[in-house]
Structure formats: C-alpha cells, structure tokens
Amino acid sequence: MNPVAGDDVVVIARDVTKRFGDTLALDHVSLDVHRSELLVLLGLSGSGKSTLLRCLNGLHPVTSGTVDVGGTRVDQASGAQLRALRRRVGFVFQHFNLVGRLSCLENVLIGGLGRLRLPRYGALTYPRHMRAEALAHLDRVGLADYADRRADTLSGGQQQRVAIARTLMQKPALLLADEPVASLDPENAGVVMDLLFRVCIEEKLTVVCTLHQVDLALGWAHRLVGLQGGRKVLDRPAVGMTRDDVMAVYQRVEPAVTPARRV
C-alpha cells in the first residue's frame, strides 16, 4: 500500500531515484519530514541536495519512487494538481528571485497571487486585507520600514528576508529553501537562519533547507540528512551531533567551534 501523509507527517518520500540522462542524481532516497520540523540537507555540490528539494514539489519529476506531500502524490500528480500543490509549498531561492524594480511590499504581495482570480498591477490593486497581511509579514522579518523601497536597493540579507516574507504570504504548509544563505555574509546568514527557525516553531511550518555551512546546520536544524553521490548516508537529530559527525558526509574533518544550539 502506498504511504499517505498523516497529520504529523508532511513529506513522505520512498526510494526516490532521479536520472538526468546517464547521470544518477538520486539513488533510492527515502525520507519522512514532520510538521514543525526544520530539516537540513547537507552534502557536497552535486550530492543531490537541490535535486531532492525540487523532486518534493515536482519541479523535477522522479525517475522512480514515490513522493507524497500533504496527501498529494507528487509523482502521479497532473499539471493542475501540481499547480495547486505549489500554492501550498513555498520556495526560497539562493538568489532571492525578487522583482528589483518593484517595492518590497509589492514583492511580498506577489506571494498571494495564487489566492486571486486575476493578476494585479501595483500594491493598491490588491484587496486592503492582503496589503495589511503583506505589511505584517514585512514587519515579521524586520523590514516594515522598507515597504515602499525598491527591492534592488536592499542588501542581500534584506532581500532574502523579503523573499521569506513573500513565501509566508502564500500561507504554505511546507517551505523549501535552496541554499538560502550561500550568498550572504556570516552575520546575515545567521539572521536568515534564525528567521527560518522562528517561523518553523511559531507557525508550525515544516522547513526543508539545503546548506553547505555545517555550523549553521548544527546551530539551527532539528534534524540533519546527509547526501553523498545521490545516496542518503546520514539521518539523525541534530541534538548531540558534533561537527566531526557531520563532516563524515564530506569525507573530511575541519576543526571549528560548534555554536550553541537555539532552543
């Protein structure tokens, strides 16, 4: 019998395999992700992290295996079903994907377009309650005072926070974040990871995030999953893990101080 996501399980992936031509990107990866869990995928470039993330919302169709997200069988979904699913699955990209010439408020409002019948042009064309909601999300990420600023005038860390606010505007059940801090300095990377952690806890939102930074993963993740050559080689709660435990995924050990965990 095929697994069906229950009340506490948001993602169920079973034996997921993905090939791009002759290249095996994922090799029989199985994974459960629970509600209000921040799960970090770790591994070298090319290990399959981003591919797995995109298989979870159907951006990459699986070659074999099954993916269930909130009761929707992604691997069997029609185009209409995938569009409906993506309205419930937020995606935060490494390079922000904001519309630079639009204000921060307008960029956040774009996250709510899936709830409207027709496209909108300009913040004032959105319903008043949605404008208030978008402002609340900007306030949540500490950028309410920047609502009228063009997005392309903000720093990288600020732009990523706007992107998270836009994703929250979708009211997602699942948030996927692909290397969300890769282009940020350490201070802003910590701010963004802390924001994702707080959203996960306070909104009971499930977050699956790919990272390269082991120390950030140890500091903020509830659970760590390591990929190596497309195979899952690590799946453990982050509590009690050391940097050396995690670096086995990378087949090397680098000395560093592990930060105190967030509670």
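Glycine is no exception: its Cβ is also placed from the backbone N, Cα and C atoms.
For reference, Swiss-Prot has these:
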DOMAIN    11-254  domain 'ABC transporter'
BINDING   G43, L44, S45, G46, S47, G48, K49, S50  ATP binding site
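Across the domain 'ABC transporter' (11-254), mean pLDDT in this model comes to 92.
Around S47 (ATP binding site), taking its Cβ as the centre, 24 other Cβ atoms fall within 10 Å, counting all chains. Long-range neighbours of S45 (ATP binding site) (same chain, six or more residues apart, CB within less than 8 Å of its CB): H212. Same-chain residues that are not part of G43, L44, S45, G46, S47, G48, K49, S50 yet have a Cβ within 8 Å of the Cβ center of the ATP site turn out to be T51, T210, L227. Between the listed binding-site residues, namely G43, G46, G48, the fewest other CB atoms within 10 angstroms of a CB are found at G46. In the three-state DSSP reading, S45 (ATP binding site) counts as coil. The most densely surrounded of the binding-site residues L44, K49, S50 is K49 (count of other Cβ atoms within 10 A of its Cβ).
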